[in-house]
Amino acid sequence: MTHPRPGGWFITFEGIDGAGKSTHLPALAQALQAQGRVVLQTREPGGTPLAERLRELLLHEPMDPLCEALLMFAARRDHWQRAIEPALAAGQVVLCDRFTDATFAYQGHGRGFDLGVLDTLERWVQTDAQGRLRQPDLTLWFDVPPAVAAQRLAAVRTPDRFEAEPLAFFERVRAGYAARASAAPERIVRIDATRPLPQVWAEVESVCRARGVLA
Ligand SMILES: Nc1ncnc2c1ncn2[C@@H]1O[C@H](COP(=O)(O)OP(=O)(O)O)[C@@H](O)[C@H]1O
Ligand SMILES: Cc1cn([C@H]2C[C@H](O)[C@@H](COP(=O)(O)OP(=O)(O)O)O2)c(=O)[nH]c1=O
């Protein structure tokens, strides 16, 4: 695949909580840095001082689904304008732990929030000065059944407001990711993340090589 735009690559990591995103993101950053690329490792919600403050509220403060969706996009707007776009313009590779696919999966499919409203918010937040809707160049979707993810998480951390949701919620979120992937098969690559770590990593490397992200 030829490089989709001048400047850097924008690569997002998606999947339900416990899928392995945060494990593989720094590994890919290291592999890219070893090849001389400048990498911005970031996450959503978060990635700027304002968006990190919104993250604290989103992860711990009870709120209704509309408020949740609006705050996710408010955090994203700040992150996009102040961190992601400048890094891409400088030719960096941006590796982002979650982006808008997560909003469709969690707020849309998980909470049942109106997908049409999310489409509108996505357009508002990600349309650039030339009127183009910006999307990641590549999205790695780490797919695992919720029961596997829950087992992994139980061993390592105290659940936040999202992680405390029941398995049925994560089944809907997973279905949301599947729907996004079938609507954008060129951009979103499904990775079977139930396999042992070295095999999952080998696939991440091979997808990145095939796309020209890694040499
Ligand atoms: N393929 C895998 N096999 C077994 N354990 C894994 C695998 N991928 C991740 N883990 C473990 O599962 C836990 C959650 O992984 P993490 O990368 O934090 O998930 P996420 O960022 O998607 O929520 C961590 O303890 C991690 O070491
Ligand atoms: C970006 C985003 C995250 N989320 C949720 C999913 C996660 O449970 C939570 C925080 O994401 P994440 O950083 O993946 O959590 P952790 O560091 O605990 O792995 O926010 C949404 O519901 N919608 C969104 O648009």
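Sequential numbering from 1, following the chain as shown.
Cβ coordinates are placed from backbone N, Cα and C, and glycine is handled just like the others.
Taken straight from TrEMBL:
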BINDING   Gly15, Ile16, Asp17, Gly18, Ala19, Gly20, Lys21, Ser22  ATP binding site
DOMAIN    13-202  domain 'Thymidylate kinase-like'
> Which of the binding-site residues Ile16, Asp17, Gly18 have a Cβ less than 6 Å from any atom of ligand 1?
Replying inline: Asp17, Gly18
> Gly15, Asp17, Gly18, Gly20: which of these binding-site residues put a Cβ within less than 6 Å of any ligand 2 atom?
Replying inline: Asp17
> Relative to the mean position of the Cβ atoms of Gly15, Ile16, Asp17, Gly18, Ala19, Gly20, Lys21, Ser22, the recorded ATP site, which additional same-chain residues have Cβ within 8 Å?
Replying inline: Phe142, Val144, Ala149, Ala193
> Around Ser22 (ATP binding site), which residues of its chain at least 6 apart sit with Cβ under 8 Å of its Cβ?
Replying inline: Phe13, Asp97
> Which of Ile16, Ala19 (the binding-site residues) has the most other Cβ atoms within 10 Å?
Replying inline: Ile16
> Three-state secondary structure of Ser22 (ATP binding site) from DSSP?
Replying inline: helix
>> Within the domain 'Thymidylate kinase-like' (13-202), what mean pLDDT does the predicted structure show?
In response: 96
